[in-house]
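Record features (TrEMBL):
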TRANSMEM  33-52  transmembrane segment
TRANSMEM  64-85  transmembrane segment
TRANSMEM  97-118  transmembrane segment
TRANSMEM  125-143  transmembrane segment
TRANSMEM  149-171  transmembrane segment
TRANSMEM  209-230  transmembrane segment
TRANSMEM  242-261  transmembrane segment
TRANSMEM  294-316  transmembrane segment
TRANSMEM  323-343  transmembrane segment
TRANSMEM  349-369  transmembrane segment
TRANSMEM  526-547  transmembrane segment
TRANSMEM  553-576  transmembrane segment
DOMAIN    608-804  domain 'YrdC-like'
Amino acid sequence: AESLHSSIGLLGISAGSLLLAVHFYSLPRAAPLIPSTALGVLLLILSSLLAYAGIRRSLRNASLFLSLCLTISVFWCGYGVVFILGGQGVLDDTGDFRNALVPGLVTFTLALLIIAVVGFLCREVVLAMVASAVSLASAHEVAMSYSTAFGSSAVACNYMIVCLVGAYFALGRILYFLTKEKIALPGTDLAEKKTHEQIQSTSGSMNHFAVTGLILNMLSASVFGCRLLGVTGKLFIGQVPWLWAAGVYQIGICILSYRAMDVLMATFFGFTSILKFAGGYCLLYPIWQPEEPSFPTPFLVVFSILFAVLALFLALKSPVDGLYLLFYVAYCIALACRPKGFFEGGPQGVDVAIFVASALMTLIHLYNVKASAKIPTGKDAMKALLARSSFLKLREGADLHAPYLGYSKYADAEVLGYACSVLASFAVTMTGDPQAPLATVVIPWVVVAGGFLKLLGGSVAFARGKTLESSAFILYAVMWIIWGLTRYGGFYGTTRSFHAAVGIIAFMLFNSFIVFCTLFLNIAWFFYSLTFLLIAVSFLLDAIHALPAGYDIAATLIFGLVSFYCFLSALFNSIFEGSCLPMGRPIVQLSGVGGGMTKCLHLPARKASSVKRIADILKNGGTCGIPTDTVYVLVAACNRPDAVEKAHHSKRQAQDRPMSLWISSLKQLEPAKHLFAPLLWDFMEAAWPSPISLVVPRGEWVDFLGMKDSAKYVGTPQSIAIRIPDCSVTTHLIDLVGPIVVTSANPTGEADTTHHNQVYAKLGDKVVDAVLCDGPSPENIASTVVDCTKIDSGNIGFFRVGIIPKSQVKLILILCLLP
């Protein structure tokens, strides 16, 4: 798979380069071979293929390949939409096509050149050749746009080089993969490369997606910077594809940065995506109105404050990154000072500075990810400085991004969610002009920040087991999107106001339920959800045209300040140990399930240290939820009667579903082998390990397992169910603890537990001391329970038919009966 993902990416680059080579060779003709619209659609398809290949390959730590694929992907995405606009006659004025293309071409000429330089320095020759050839092609195309002395053949030649090099190495790697490493074209042998990457992959976790995010910042800055420098003649709809492609990809990079456990950079990329969508909105606005849109000053001031706070926290981890964010602080201040925002010279001057700074940061990040020698960014100095502080201590180690319940592939996105609440709330202060509702740039802030990014935060919160927080974020996101489009999209009318009011009341009822639930969460969330009711009341009063003067400002200040406190608290808790700015305890404490600040451990099963910790808890008389080859179960050590009794009584174990006994190997029963019938022993050897529980006669063999007083809680007076699970984590745990007593991880009579989040939710901290987390169960069906009490006569029965069918169990018995 590793080789194939690289091959898919290289073949995609080769196919796109071939299309562009054909296009530029046929450009001097009156009618090009490939129509502009068709070329644009094909480039969009290839850009999605490259994004897939780059992201999938990134799981193998191939940072340069990832950067190359995603960079060319966003390049061809914007490029393709520009071609479609040209083919549909939107770019019909003289020079429009050049003004639309040049900002993107300038960006990717420099970005791909940086990737090529780092590739040559780090001996990634193939990728460096591809990047340098595409960079030269883009540079030639820029020159061709301003001077007829540069022919299109030079651009086509560069793309043909990319096509041939990419196709050769892609086919070589496919051949190498399909022949199981027996045949390799010269230069495509991956054996040495694999060894190098395996060694490099152990060097620590880094955010490989940050490079692409920085390149996207270059792209949006180039659009406005080129206008200031006179490279382009105007700002218009033809440049929107670059801005919105950058915005869409930036949200993707934000999500992938959460996947890389980089909360601060993910939040930063979420912020910058808002600016990109706002810039595209401003360039689209002249389609409806001749004048340029105006900017809401309070919002941009608040945005600059959020950038400044984020820069401060980021500087504690990487001073260079923190300094870089100060450019965006200056950018927001420049936009706030100029009523026409992106169209003014001041913000465009800051765009030029952002372009240069982003290019330098791209070089630093990409080189530091690939090279063994690093460009200093001040990380070690800040660590040493904070190590001397007794008040502030940086979070480090394995539990840095430990989720609320169990293992999660994403870092916490609450920082971004709270920040978006601050941003969207200050948009409420803008009343809007009923005659020109789109004239004030509010929709991007409300819909993108309050809507889409908050949806993102809610989805990540759900993945981390925060069901209530995710529900609130998603509800608020839907509210911001609907209200923002209705109020600032000019949708209000005599009847629509009534319909909007009914919908808002429904949202308020839902939010009232969330407010009630937050009583059991913490104080900060209670006030956060309660003050959102003030915003909802503002929506309602505005819908029925009864909004008192000044109410919007009061609601904004209250909700905005509460959201800002939550933003700061989440930032502190994600960077520092302890609770410098606590979220508070639950207002209402419950003694049962979910009773406030739970002490129940949730440990990832992928770590051997977690299994050892669970084993220690079981040895000390604890009861734990663990994953198996079927569903999650609750276990206790056989030699701890107190723990077995606790599990038995707390679950109110039903008589028809007695607790069973699990071992890791038949060697644990070897001393008592003479007490089992020969056929039963052969059947156990043939059936295990598997999801088959065998109910065998109770006998003296029980004493050999050291069950002592635990035996009376296991099985029935006549029989005991015993099993060896087909799960390496479970058997390793039994090796550490000894035989364990097992029961289902759910209240008697309820459905089986198929996810680690459900164990604690169903049983509570009175029953469960810790949970070993392994995500969803491999199966949703429990084990098959076989009655072996009369196996001496050659007959077996079934108490329960689970994942293993009867026919398969009977076949095992027949094989045991054969001589």
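Backbone N, Cα and C define each Cβ position, glycine as well.
Because TrEMBL annotations are produced automatically, they should be read as predictions rather than curated entries.
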For the transmembrane segment (125-143), could you work out the same-chain residues 6 or more beyond its ends whose Cβ comes under 8 Å from its Cβ atoms? 10, 13, 17, 20, 24, 64-65, 68, 72, 75, 101-102, 105-106, 108-110, 112-113, 115-119, 150, 154-155, 158-159, 161-162, 165-166, 169, 187
Determine which recorded stretch among 64-85, 323-343, 526-547, 553-576 has the most C-beta pairs below 8 angstroms with the transmembrane segment (242-261). 64-85
Can you see whether the transmembrane segment (349-369) and the transmembrane segment (209-230) are touching - at least 3 CB pairs under 8 angstroms, only pairs 6 or more apart in sequence? yes
For the transmembrane segment (209-230) and the transmembrane segment (33-52), check the count of CB pairs under 8 Å (sequence separation 6 or more) and say whether it reaches 3 or more. no
Is it the case that the transmembrane segment (323-343) and the transmembrane segment (553-576) have 3 or more CB pairs under 8 Å, with pairs at least 6 apart in sequence? no
Restricting to the domain 'YrdC-like' (608-804), what is the model's mean pLDDT? 86
Note: vs the transmembrane segment (64-85), the recorded stretch with the largest number of Cβ pairs under 8 Å from 33-52, 149-171, 294-316, 553-576 is 33-52
At a C-beta cut-off of under 8 Å, are there same-chain residues at least 6 beyond the transmembrane segment (294-316) that contact it? List them, or none. 264-265, 267-268, 271, 274, 322-323, 325-326, 328-329, 332-333, 335-336, 338-341, 382, 386, 394, 419, 422-423, 426-427, 429-430, 439-442, 445, 560, 567-568, 571, 575
